[in-house]
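Listed in TrEMBL:
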REGION    A:93-112  region 'Disordered'
REGION    A:230-260  region 'Disordered'
REGION    A:275-344  region 'Disordered'
COMPBIAS  A:290-300  compositional bias 'Basic and acidic residues'
COMPBIAS  A:301-312  compositional bias 'Basic residues'
COMPBIAS  A:319-344  compositional bias 'Basic residues'
Amino acid sequence: MASCSIEDVLAKAERDEAEKLKGITVNKELDLEFDPGNLLAFDKNRIDTREFKDNKREDFIRSLARDNTQLLINEMWKLPTERVEEIIVAKLPDPSTPLPREKPAPKPKPPTKWEQFAKLKGIQKKKKTNLVWDEVHKEWRRRWGYKRAKDDTKEWLIEVPENADPSEHQFAKRNKAKKERVAKNEYNRLKNIARAQKIKVPGMGLAPTPRQPKAELAQAVNVAKISTASVGKFQDNLPKEKTPKNTGKKRKFQPLIGDFSSEKQKQLDLLKVMDSKKPRLDITKAVNKQMREEDRESAQKSKKGFGKKGRRGNMSGKGKGKAGGKGKAPKGKGRKPHMKQGKR
Amino acid sequence: MAHRDGIVKAKTRRSKRFLQSREPKLTEGQKSSMIIRGGNSSETVSQALKDVYALKKPNAVLYKRKNMVRPFDDSTALEFFSKKSDCSLFLFGSHNKKRPNNLIFGRMFDFHVLDMFELGIERFVSLRDVKTDTCPEGTKPLLVFAGELFETDREHQRLRNLLTDFFCGPRVSAVRLAGLEHVLHFTALEGKIYMRSYKVLLKKSGCRTPRIQLQDMGPSFDFVMRRNHMASDDLYKTAHRQPRGVKPKKKKNISHDAFGTRLGRLHMQKQDLDKLQTRKMKGLRKRRGDRGGAAARGFFFTDSSGF
């Protein structure tokens, strides 16, 4: 008897549950695919075309929409909820539909000159306060910018230092220094940007600016003159232009009183070379000499032989010479080009 | 903003902020869309464009004047518009004898056209004709796609992706359950797409989840598929490539057990237990007299509560 009543009770409970859920259950052949992150539902079931006739179309679509929306809402109500200021809010997971991006992903910017230096030296960024106490005005002012704490261009009294020219305008001097600092900062910032975007910026004096000083123009003229295939050897001078004298290799001399130990070492090495019986071999000179000999020989041969043969012989000689030269010269020391006007 | 050597210099803080908002970012915000009217457009098309603009406000720009553009022939004008207004989704409406009541849905990647789908309007019911109250502007709509064509046919799959992209709102982490008011329902059948928009009424049901009733609202379209231009597979893949910083890094050595307690794992080097530094018990210190004695030597491990 008791068992029957238990079964009855259980059956009744099940029926009650089913009654409760009747309002929200929807029967579908295939389950829908959900993407709660995007509030998306996708129904793959076949749509019966017979019911899709003209007069009943709207009702059919509405009932289909109602069923699908009910299933989607059921899914949304299963999500974890939390209370934010008395409103019940459901936390959404990440969207699972892959949507394409608007723009390509940003490339990491290369570090600026200062950042490279700081990384090299291990300099850490120090957090600074926003406001600084200004003694003069007796108030808190910004560290930099408009109405900053220590602004030396805004002083009303500047003492003329002892070693300065008495007629020099000290206020104008400070303003000019500030302008130069600002311009230098801007220039460095643009160079950093150009380096980041790998845009080639021409060196000093070669980019056209509104006002160019005489020195920059002269430098630009010199650069243009030697920008030919033969490095400016055959460029005529303008009337009244002087050929610049200081082109050519600069010789660097050691300072008079420098590193004593290295000087001593150098002198001893020199004595050792002078003492030794064997001659020192300058490989570059030797190779060049050899190649010249070979060229001379092949030139003589071509003079003796017939035209065609000679030409062929010449070519082979030259080919042999070059190959031989390359084979003989060790790695790293190639045949240096013979330039009368020195290297830049 | 000054241009020089390809570098745009911002002269004010405000213009700098504006330029930064247009730069590519790691995680992108909501896409804006531009709604453009073509060379010749009928009453239906103009009203349709206005309705979609109302749905997509405030992230939409409506170009009401006539623009002589043919997107399928020459997309440079569209790309120019997109670059100027920083919009990656577009909807172009036009009307001519050959293609009456034409709408082109499209999206861009890096200001070049990615996908375009041309849909013809067969039947259109505007917002004005349906006299019910509408949802507030900017509610994130529920999207429902029905029909096996959306699964099987490749063009329909891409169209489904495009429509999701177009109509899904901003990406949010949490949503107010009572605020799920708007639902857009797309049905695909025999080459036609039926788009309906309803207002969701949450009624009481026996349990926690409410029962849904739908109320007709908003524009309803009957589309027919016309031409399309789909992106090539590798361009599509490139558009999906995510930058490195976006994927969340998995925290290693942390686990949760059945009771919800958080357990961690520490990896230690091998320790020499004889040389462990423990607390010094002065009383147990070996005295000179007791060296040989029977004093018990032991390790005392006490917890921090002391003894």
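Yeah, the Cβs are placed from backbone N, Cα and C, and that goes for glycine too.
Under DSSP, residues within the region 'Disordered' (A:230-260) fall into helix, strand and coil as 1 helix, 0 strand, 30 coil. If you look at the region 'Disordered' (A:93-112), the same-chain residues 6 or more away from its ends with a CB under 8 A from one of its CBs are 35-38, 40, 79, 119, 192, 195-196. Across the compositional bias 'Basic and acidic residues' (A:290-300), DSSP helix (H, G, I), strand (E, B) and coil residues number 11 helix, 0 strand, 0 coil.
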